[in-house]
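Quick look at what TrEMBL annotates:
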- B:25-44: transmembrane segment (TRANSMEM)
- B:64-85: transmembrane segment (TRANSMEM)
- B:92-116: transmembrane segment (TRANSMEM)
- B:128-147: transmembrane segment (TRANSMEM)
- B:154-174: transmembrane segment (TRANSMEM)
- B:180-203: transmembrane segment (TRANSMEM)
- B:210-228: transmembrane segment (TRANSMEM)
- B:268-285: transmembrane segment (TRANSMEM)
- B:318-337: transmembrane segment (TRANSMEM)
- B:349-372: transmembrane segment (TRANSMEM)
- B:393-411: transmembrane segment (TRANSMEM)
Amino acid sequence: MTNPNPVSGSPDKEPATEAQESLSEARATPTQPAGDTEQTVPATATAKRPAPAGESRPGMGRMFLDNLWAANTVTVTVLAVLLAMVVGAVLIIVSDPEVLATYSYITARPSDALNASWTVVSEAYANLFKGAIFDPDAVGFTAVMSPISETLTYAAPLVFTGLSVALAFRGGLFNIGAQGQATIAVILAAVAGFALPLPPVVHLLVALIAGALGGALWGFIPGILKARAGAHEVINTIMLNYVAVYFLSWIIVQNGVQNPNRSDAISKPVDSTAQLPRLLGDDLRVHAGILLAVAATWFIAWLLNRSTLGFELRAVGANPDAARTAGISVTKTYVLVMVLAGMLAGLGGSTMVLGTTATALTPLVIAQIGFDGILVALLGRVKPWGVLLAALLFGALQAGGNRMQSYSGISLELVTVLQALIVIFIAAPALVKTIFQLRAARAARLQTSLAKGW
Amino acid sequence: MSTTAVPEVAVTAVDEGFWTRNRKIGVVLLALGVLAAVLFGALATDQHARFTLSETEGGAALEINGTVGAILFGLITAAAGGALLAGVPKRWFALLLGAGLVAFVLSFLCWQVSAAPEGRNFMPLVNVVRGTFILALPLIFGALAGVLCERSGVVNVAIEGQLLMGAFSGALFGSMSGSVWVGLVAAAIGGAFISFLLAVFSIRYLVDQVVMGIVLNLLAVGITGFLYERLMQTDAAKYNSAPRFGNWEIPLLSDIPLIGPALFRGNIFLYLGLLLVLVIHLALFRTRWGLRTRSVGEHPTAADTLGVKVLRLRYRNVILAGLVAGVGGASYTLALYSFTKNMIGGKGFIALAALIFGRWSPTGALLAALFFGFADQLATYLGAIGSSIPSQFLAMLPYLATILAVAGLVGKVRAPAADGKPYIKG
C-alpha cells in the first residue's frame, strides 16, 4: 500500500497491459486466455487508501484479493456486465406474464416463483451463451464453429466504428457521426460493387476505397466546420447522420440503383468479385472483414502511440491551448482526426455490404453500427485493443441474442438493453464501487477529456 | 476539471470589411430570388395556384397565376437580398431575411401547386397549418425539455429517449388503467425516469453528459422495444390500446377563419404545448427561479457564491424536463397512434436541432419547431400531389438548416456558458 496513485491519469498514459485487460469476458474472445484477467489485476490495480491499522505487511495472496476487490478496470468491467445481466434478468421476469403470475402467491409458495424465474432467465442466458460462443450439443465442424463465426461477423464492423469513435475521442472530439459516415460509405461501396465491371481483387479494393472515401467526406464536413467556424461537432455529426439516412433512402429507389426485379426499396446486389472472401467455407458467415478489423486496430494503435500525428492528436485532445502553444496546428489536427475517423467508420459500413451481412442496399442495411460503435469505444476505454475486445463482446451479445430470440422467444432488444446498461455502469465506476463496496483504486473513469459542453 | 475552450477561429474575422455577414446573406438571398424567378417561373404553368382557406378544394381561396406568382415572389426575395446587399440598418435584417425566405417558399409553392395534375392543384391551408402544428408538437415538447435542461447547464441529448419512454409508458399504463389521465401522468413519469438517470449520472457521478444522453437513448430504445415485443405484441388489447384524448373545440376562437379550425379544434397536447412555451418563457425570464436557472447555466460558481443551490436546482430542472418530454411522447400514443417500436424515430434529435436553432429560448424553439414541422408537412403535401421534388430532400431540410445555423451563417449561436460542464463544489 505504499503506492499512492495519481487520481487523474492523463489520457496519454497507456500501459501496454491495459490494452489487454479491459475485458474480462474471456469467453467472448478466442484470442484471450482465461487466466489473463487475474494476471493483469495486480499490475494495474493499486489502492489509494492506507491500510487499516494493525496490518503491517500483507502477504501476496492477501494483496491479490485486495486488488481483486478494488475498483480497477477489469473488476469494474466484470461487475458492470454482471449488473447489466441482473437488470436484464429482472426485465425478463417482469415481462413474462406466466412467471409474474407465480409472484402473486409468493408468500404462500415462494419456491414456485423462484423456480419459474430461474428457469426462464437461465434458459435465456444459456441460449445467449450457446449462440455466441459454444453449443455443447453441436455436432460437426460447421455447427461447432457457427457461434464463433456469427460473433466475429457481427464484431467486424463494430471494431471499425468503435475505432472511429475512439480515435476522435483521443483527439478531443466526439464523433456521433459514425452512423452517417458508415451510411454514405455503404452507398458508395455498394454502387462501386455493382456498377463497375472490374476483375476480382481490384474490384474489392476499389469498393473498399470508395467506401472509405465516402466516410472520409462525411467526417471532413464536421471537421472543417469545427476548425473554421467553431461549430460543435456533436451537433453537426448528429445532423449529418440524418442527412445520410435520407440520402440513402432516396438513392435506393433511383433508376440504375434499385433492383429492377423488385418493387421494394432494395438495390442491385453487389457483384461476387467485390465481396470479401469467406474464411471458413461457404456455410459459415465469417469473412475477411474481421482480419481487416484486426489490421486496422493494429494500425490505429501504432498511429496513436508511435507516430508524430498520433502524438499531436493526443496533445490536442488533452489540451488544445497547450498544443497550439507548442506549435501544433489545432485546426489541421481536428480536420485530420475527423477525416480518419470517417474513413474508419466508412470501412465499417463497407464491410456490411461487401461482407456476408447483406449483399444489397436497404434502408436499414447498416443497422446500428455507428451508435453501437460509441458504446464499443466507451467500453474499450477508447484504446484500440480495448475497442477490439469490446467489439467482440458486443458481437457475441448480438450473435447470442439472435439465438435467444429464436429459441427462448426473448426479444433481441434485450441485447440493446444489456449493451447500454454495461456502458452506463462502466461510465460511472463510482456507482459500481458503491454497490459492491469496492475499495478505491486507480479510477477507471473514462479518459475522454470531453467536459466542454457545446 | 479540464474545461478546454473550443477555438473560435475565424469567427471574428467574418464581420470585417465590406463583406459583413448581412451582405453575404444578402448575396445568397439575391441568388435564391433570381433562381426562383427564373427556374420556378419557367417550370410553373399558366394554371392558377389556389390556396384554399378550408380543408377541401372548395370555399374561399387565394388565387394567383402560377407563372406570375413564381416570378413575382422570386423577385421579392431578390429585392430583399438586394436591400441587404446595399447595406440597410441592422434592425431591418431579421425582417428582410424573413420576408425573403417566406417569398422564396411562396414562389416554390406557386410552381409546385400550379404544376400539379388537374384536380389536385390546390393547397388546403387549414390542413397545412394544422399538420404543421401536429408534426411540430413533439418537437415543441422536446425542445422545451432541452431548454429546461441546458439553461441550467446540463446537456440533454436524451430527448429522444425521454419522448420514447413517455410514449411507451403513456400507452402501457393508459391501456392497463383505461384512463387517459393515468396515461398522461405515467407518460410524464416515464420521461422523468430517463431524465432522472441523466441527472444522477451527470450530476452525481460526473459522467460526460453527451455520452450519457446517447447511451440513455439506446437504453430507452432497448427497454421499450423489449417490453413492446414481450407485452404489447402478445396482448395488444390489454397493453397497447390506450384511450385517446378527443379534440376540444374552443368556443369563439374556433370560428376564426383558417386559424380557428386549424388551431382551436385540437387536442389537449396542442394547447398544453403552446401554454408551456408561454409559461416557461415567462418563468425563465421573469421569475426568481428563471434567474437562478440561467445563472446556474452560465456561471455556477458565481451562483453558488450567492447562495443558489446549484446541484439541487440542476436536479430539479432536469427532472422537470423529463416530465415535459414525457408528455410530449404521450402526444403520440394518447392522441394519434398506438405504440410501435422506436416510434419517435429521430424526432428527439430534430427537437435538439430546434433547441439549438431557436438559440436555447422557449419562443425561439417554438418557431424553429414550427419551421421544421412545416418542412415535414410540406414533404407530405408534395408527395400527395405527385411532386417531382423527392420528399427525402425536404426531410433533410431541418438538419441542413441546423448545420448552417451552428456554422455561423445565420447569426451567432451561443449555448449557455456552463452547458455540459459538471459543477464540482470546490
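Going from the start of the chain as shown, residues are counted 1 onward.
Yeah, the Cβs are placed from backbone N, Cα and C, and that goes for glycine too.
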Other parts of the chain folded back onto the transmembrane segment (B:349-372), taken as Cβ under 8 Å at six or more residues beyond its ends: 132-133, 135-136, 138-147, 150-151, 156-157, 159-160, 163, 274, 277-278, 280-281, 284, 397-399, 401-402, 405-406, 413-416
Tell me, please, if the transmembrane segment (B:180-203) and the transmembrane segment (B:92-116) are in contact, taking contact as 3+ Cβ pairs under 8 Å between residues separated by 6 or more positions? no
Per the Cβ filter (under 8 Å) with a sequence gap of at least 6 from its ends, the transmembrane segment (B:268-285) is approached by 133-134, 137, 140-141, 144, 147-148, 151, 245, 248, 293-294, 324, 327-328, 330-331, 334-335, 361-363, 365-366
Count the Cβ pairs between the transmembrane segment (B:128-147) and the transmembrane segment (B:154-174) that lie under 8 angstroms and are 6 or more residues apart in sequence, then report whether there are at least 3. yes
Given B:92-116, B:154-174, B:318-337, the one sharing the most C-beta pairs under 8 Å with the transmembrane segment (B:210-228) is B:154-174
